[in-house]
Amino acid sequence: MSVTYDDSVGVEVSSDSFWEVGNYKRTVKRIDDGHRLCGDLMNCLHERARIEKAYAQQLTEWARRWRQLVEKGPQYGTVEKAWMAVMSEAERVSELHLEVKASLMNEDFEKIKNWQKEAFHKQMMGGFKETKEAEDGFRKAQKPWAKKLKEVDAAKKAHHTACKEEKLAVSREANSKADPSLNPEQLKKLQDKIEKCKQDVLKTKDKYEKALKELDQTTPQYMENMEQVFEQCQQFEEKRLRFFREVLLEVQKHLDLSNVASYKGIYRELEQSIKAADAVEDLRWFRANHGPGMAMNWPQFEDEEWSADLNRTLSRREKKKAADGVTLTGINQTGDQSGQNKPSSNLSVPSNPAQSTQLQSSYNPFEDEDDTGSSVSEKEDIKAKNVSSYEKTQNYPADWSDDESNNPFSSTDANGDSNPFDEDTTSGTEVRVRALYDYEGQEHDELSFKAGDELTKIEDEDEQGWCKGRLDSGQVGLYPANYVEAIQ
């Protein structure tokens, strides 16, 4: 950058023109800036991709949490479905934002990275080849002109110095004329000094003008050479600018979900789901399932009390699913209506390893039978929990009673056990046991407990796999035998 001197002002005035020596460096720096801008754009897209991913994850987590809350909450019916549709929208939008993230990183980011690698070539000594070529081109184009400019600056400085000396000499001569003590010889020297300064001024002026003329002659070529190198830099920068514009348009397409058909479909479906909510239908559903529209098992006359116990036992047996055992079906109540078949029910009875033979039946009241019927023969070791209505309605002699000696259904096993149909029989020994699993009583005579709870077994396991026990609270009831273990 050249500097001019103004005698009247006495300050330096600098020029910021491209044509000044060294001012081409801004154009060269633009090449390095282009490489840095590629990195900045990649970082920009990378951060946006991270935001898209984080937003997608937050949407998914939000949808998951609120789906569970709504499912477990009191909302019901079509409004619940409409509410759930909002969570479905979030999940689907989350997928779209993950696609945006993938597009930004896999397409746009990689595209910039590859272009940067192809456009800028690093050198072994540092910097880029393109930067060095531009630097060398400008330096070569500017070198002759810069040399002439240096000569002009030197000539200008010499001329300005000569002019100052001339003015100083003239001022001294004028002052000496007013001094009477100055002899003529000294005055003559001052006049000679003025003459010499005038000659120096003329000489430096000619040299200054000559240097300027030579500089002017080299300026056109200098401008042409500098323009040529500058245009090369412009072409390189134009490629970068056009590439950035192209990439940013691709980014816009990836970010603009409003043009994605599936995105529009998400909100169309959401609107339809919400509009499908029907308050009247929900109220009708609640009335039918939780209100006056529910069915009711109104109390009716019951013939005998033991029938309720039989139904309770059968209900509990139906709930138990044993891996092995004998399945009894078709419990028929007989008597005056022995010729009519009642609806059959399944009863699963676990097999007992101690039993050496299986149930043999010629007439089984627990099997679905035709109108002809057949006789029944039971193995002595089979202990049925309940007596079917068939046995209850048989005609017995007048002297028949509940006494075991006269009870035709009374049998004694090898160990001398008493009547297997007597539910009040106890094992005699109380044992402390610990629950292995959680169990929630399904009927009023069943116990409920959690895994790890301790209770007291007061009756051994029956043929259906149930034990009678007592909780520490004092409640007595039945529980599955395989849900506990004895405390050692």
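Each Cβ is built from the backbone N, Cα and C atoms, and glycine gets one as well.
Residues or ranges marked as coiled coil by Swiss-Prot on the basis of similarity to another entry: 25-274. The annotation N6-acetyllysine is assigned in Swiss-Prot to Lys53 on the grounds of similarity to another entry. Annotated compositional bias 'Basic and acidic residues' per Swiss-Prot: 163-176, in sequence order. Annotation source Swiss-Prot lists region 'Disordered' at 163-183, 316-429. The phosphoserine annotation in Swiss-Prot covers Ser273, Ser315, Ser375, Ser401, Ser448. Residues annotated as compositional bias 'Polar residues' in Swiss-Prot: 329-364, 386-396, 406-418. According to Swiss-Prot, the feature domain 'SH3' maps to 428-488, an assignment based on sequence analysis.
Nonlocal intrachain contacts for the region 'Disordered' (163-183), taken as residues 6+ away from its ends with a CB within less than 8 angstroms of a stretch CB, comprise 7, 190-191, 193-194, 197-198, 200-201. Cβ-based neighbour count (10 Å, all protein chains) for Ser448 (phosphoserine) stands at 14. Each residue of the compositional bias 'Basic and acidic residues' (163-176) gets a DSSP state, and the totals for helix, strand and coil are 14 helix, 0 strand, 0 coil. Distance from the CA of the residue listed as 'N6-acetyllysine' to the CA of Ser448 (phosphoserine) is 47 Å. For the pair Lys53 (N6-acetyllysine) and Ser273 (phosphoserine), the Cα-Cα distance reads 27 Å. Secondary structure at Ser448 (phosphoserine), taken from DSSP and collapsed to helix, strand or coil, is coil. Neighbour density for Lys53 (N6-acetyllysine): within 10 A of its CB lie 18 other CB atoms from the protein chains shown.
Counting residue by residue with DSSP, the domain 'SH3' (428-488) contains 3 helix, 27 strand, 31 coil. Around the Cβ of Ser273 (phosphoserine), a 10 Å sphere holds 18 further Cβ atoms from the protein chains shown.
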